[in-house]
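First the structure, in the form of structure tokens, and then the observations on it.
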6 protein chains.
Amino acid sequence: MNKLSHFDENGQAIMVDVSNKPLTARTAIAEGRIYVNQEIFAAIEKGTSKKGDILGTARLAGIMAAKKTSEIIPLCHPIFISKISISFKLESKTCSVYTSAETKTTGQTGIEMEALHAVTAVLLTIYDMCKAIDHTMKISDIRLIHKTGGKSGTYNIGDK
Amino acid sequence: MNKLSHFDENGQAIMVDVSNKPLTARTAIAEGRIYVNQEIFAAIEKGTSKKGDILGTARLAGIMAAKKTSEIIPLCHPIFISKISISFKLESKTCSVYTSAETKTTGQTGIEMEALHAVTAVLLTIYDMCKAIDHTMKISDIRLIHKTGGKSGTYNIGDK
Amino acid sequence: MNKLSHFDENGQAIMVDVSNKPLTARTAIAEGRIYVNQEIFAAIEKGTSKKGDILGTARLAGIMAAKKTSEIIPLCHPIFISKISISFKLESKTCSVYTSAETKTTGQTGIEMEALHAVTAVLLTIYDMCKAIDHTMKISDIRLIHKTGGKSGTYNIGDK
Amino acid sequence: MNKLSHFDENGQAIMVDVSNKPLTARTAIAEGRIYVNQEIFAAIEKGTSKKGDILGTARLAGIMAAKKTSEIIPLCHPIFISKISISFKLESKTCSVYTSAETKTTGQTGIEMEALHAVTAVLLTIYDMCKAIDHTMKISDIRLIHKTGGKSGTYNIGDK
Amino acid sequence: MNKLSHFDENGQAIMVDVSNKPLTARTAIAEGRIYVNQEIFAAIEKGTSKKGDILGTARLAGIMAAKKTSEIIPLCHPIFISKISISFKLESKTCSVYTSAETKTTGQTGIEMEALHAVTAVLLTIYDMCKAIDHTMKISDIRLIHKTGGKSGTYNIGDK
Amino acid sequence: MNKLSHFDENGQAIMVDVSNKPLTARTAIAEGRIYVNQEIFAAIEKGTSKKGDILGTARLAGIMAAKKTSEIIPLCHPIFISKISISFKLESKTCSVYTSAETKTTGQTGIEMEALHAVTAVLLTIYDMCKAIDHTMKISDIRLIHKTGGKSGTYNIGDK
């Protein structure tokens, strides 16, 4: 049994055939986090409320990156995306920025990679904008937390 | 004092002026990790030695993504890249794949974001290729571990 | 009431959810104009009939740009485009080139931005090809003149 | 004498040979304007100061578009860009948003098209974000107002 | 009668209107070949079985290029691609590598250009990876060998 | 001895380190050919002189594709291109269109792949525009015929 669907029976990479799959509504939510030092945390907090809008820039980076997922991930199908939204939580206790991305499509393949790609672009953009202060930031805990649609159906992290 | 160089004095996002900076040799190394379950770990190990080459695909994704960094990160300068290489370590103890990316340029801006972007593309590609088996993978510990060149000079993680 | 559909209830940019909208046939026509000096006007006229085909190059630029609209406009949905055509009128009285772009799709979102983006790419390309003669050209009067389909239905300039 | 440098002696389109030109510092400033109705003008004004940041989104669109200029304009050389910044003025008298883009490079070709392309992307993004309110917006008055560097030297609008 | 569908009745390039065509299942297979010298042939053979995986790299290049077809071919419609796979045959007698690409979609336009574009990207990538040994390689015999779907129906090379 | 410079000592794909190579002037010329049937040959001939400008469209496709070479060929360095030009010969005897592309740069790596990539984009575009008439066209004889610059110096086909 071949569970790695991105390879054919000879172990060669393919973009898998989804031509016989029905069009179904699909959603995905991914999350991730960047740990920063206190000076950066303060700058992000301040920037968000007043000026130097780091998170606003990162949000757009995430939305635009989701649209480029199939250019970055070699075996991803190009798909129509019907929604992308990005959320943030500033967590002072852990000195980190939490982000999540929600994506939707109606299609023959899932929309998980678009949500995950949006999250990484958001976090890399925060890194880029803050690295003049300090390089020790760490991007972590990127994972899928929810999906619906497709043959494998609904998934919620913690279900298993 | 404005330490967030990606904003002007009014807090507006800019692509910072590097026109007066000298061309210097620059290198960067970034790292990251994806935690997988045992079935996926075994598939990656097997794939690498025989067929279904997951890491080979992920390596190319990382190299190609590094070239697209300034398209994904809004305020990154487009730059010439003179080297990109990707390494892997399979760590059975933690059931994770460790990756690092090394980038080089001679230019007016740093090459850190290219190394970090390569690492995230590598890890997302592994995720994509293995998600048919299990969705609980987690991408973590993405950070810069070394850089040389530029005004801020050499940085090694742990230096601080 | 929130009329700016590109922001959520907290004023954060989103790519709006169109997943519940029906697929409908949509068309759009946009127009624009570039004012040039007499030497350039003569070169364009001559080029079109004989050689140095400025308008032919600009037409292709417009068609190709329409396909890249969702890469340039941050909150635009990527969509299938079923038709793009570009027209020109050389207006000697005003020493200007008039262009219009017509686009079609069957989808969940409109095709207006693709027509407008095609028009700007056409005009910028004319600018680029003629700027060795003179830099005082002016691009103006870019607007939507017609659209059909979608919830807001048909629009014709001057209707209002 | 062939003043249309984008065509060879047979009138065929070429990307002109700049290999013998020296590397020189170059700057460009372009401007443009979008005329909107009063409801949109109020929304932009409000959005800028509080939430629903239309101009912040448009600014990033302009910066990212400048980096894609050689993909959109067929005969443009790909170049390194060392600075991009975008400014706005809200002009209540004419119910319009004025924008200007400043670009810099050190290279063998000019940076004017990048500034002009940034301006059009900014204005199209404003259009996109406000079109749910009203479609009668008009984008106008896009032109180069200043450039330095290169064989043709400094240009200021009005000089001629 | 105008058989060149990419031009309108005035001979102007257009992206043809497919908005009234039904969505149909479509497939295409294209093939091509690169002639190399014996040293390169041996390197490819060896690389494939052990290390320095030239064909694996070329395969991914072909898959990724298929997704970019409408960016490279000016009048191609952007389309959803539901499958891409690449095959190789090493032919020692002619000292050449044979490749074929199979593509599928369900859409209003054909998928032939995606298969042909994949084949050229595969062959160019082999060229790129082997050119340090010898520059006399030749890429040849690129053609469509099979297609199904659309108004013109099934085509097999040799049918005619 | 490792002659396949796109692999490291472990046989892993890398974008080779050119950071220590000097900037040198480099040129390349590549050629290729498409064999068509007589009806297509006549259409191309007619189109070129009057309307339906197939070769003009193909020329622009080639120029624009050259700029995208490092996006299509995985291990190619992104480089500045200082010239691209495309030539055609219509050869009635063989019922084929011959094309050649000339490229120039001053850089640390060669410009051969850009010339070869331009040639394939030119030929694929001709194919695309003529395929409504007949699918039996064949793209062949793509090769490098001349290069200068770099460590390996000048190469002319037939030298060897």
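Residue positions begin at 1 at the first shown residue.
For all residues, glycine too, the Cβ spot is worked out from N, Cα and C.
Copied over from TrEMBL:
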type	residues	note
DOMAIN	A:15-150	domain 'Molybdopterin cofactor biosynthesis C (MoaC)'
BINDING	A:LEU75, A:CYS76, A:HIS77, A:MET113, A:GLU114	substrate binding site
ACT_SITE	A:ASP128	active site
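Other Cβ atoms within 10 Å of the Cβ of A:MET113 (substrate binding site) number 27 in total over all chains. Taking every pair among A:LEU75, A:CYS76, A:HIS77, A:MET113, A:GLU114, the residues recorded as binding substrate, the greatest CA to CA distance is 13 Å. Proximity to chain B, taken as a Cβ less than 8 Å from one of its Cβ atoms, holds for A:MET113, A:ASP128 among the recorded positions A:HIS77, A:MET113, A:GLU114, A:ASP128.
Checking the recorded positions A:LEU75, A:HIS77, A:GLU114, A:ASP128 against chain E with a Cβ-Cβ cut-off under 8 Å leaves A:LEU75, A:HIS77. Take the Cα of A:ASP128 (active site) and measure to each of the binding-site residues A:LEU75, A:CYS76, A:HIS77, A:MET113: the nearest one is A:MET113. On its own chain, A:CYS76 (substrate binding site) has A:MET15, A:THR69, A:SER70, A:MET113 as residues at least 6 apart in sequence with a Cβ closer than 8 Å to its own Cβ. Per-class residue totals from DSSP over the domain 'Molybdopterin cofactor biosynthesis C (MoaC)' (A:15-150), listed helix then strand then coil: 48 helix, 45 strand, 43 coil. In the shown protein chains, 25 other C-beta atoms lie within 10 A of the C-beta of A:ASP128 (active site). Each of the binding-site residues A:LEU75, A:HIS77, A:GLU114 was assessed for Cβ neighbours inside 10 Å, and the highest tally belongs to A:GLU114. On the 0 to 100 pLDDT scale, the domain 'Molybdopterin cofactor biosynthesis C (MoaC)' (A:15-150) averages 93 in the predicted structure.
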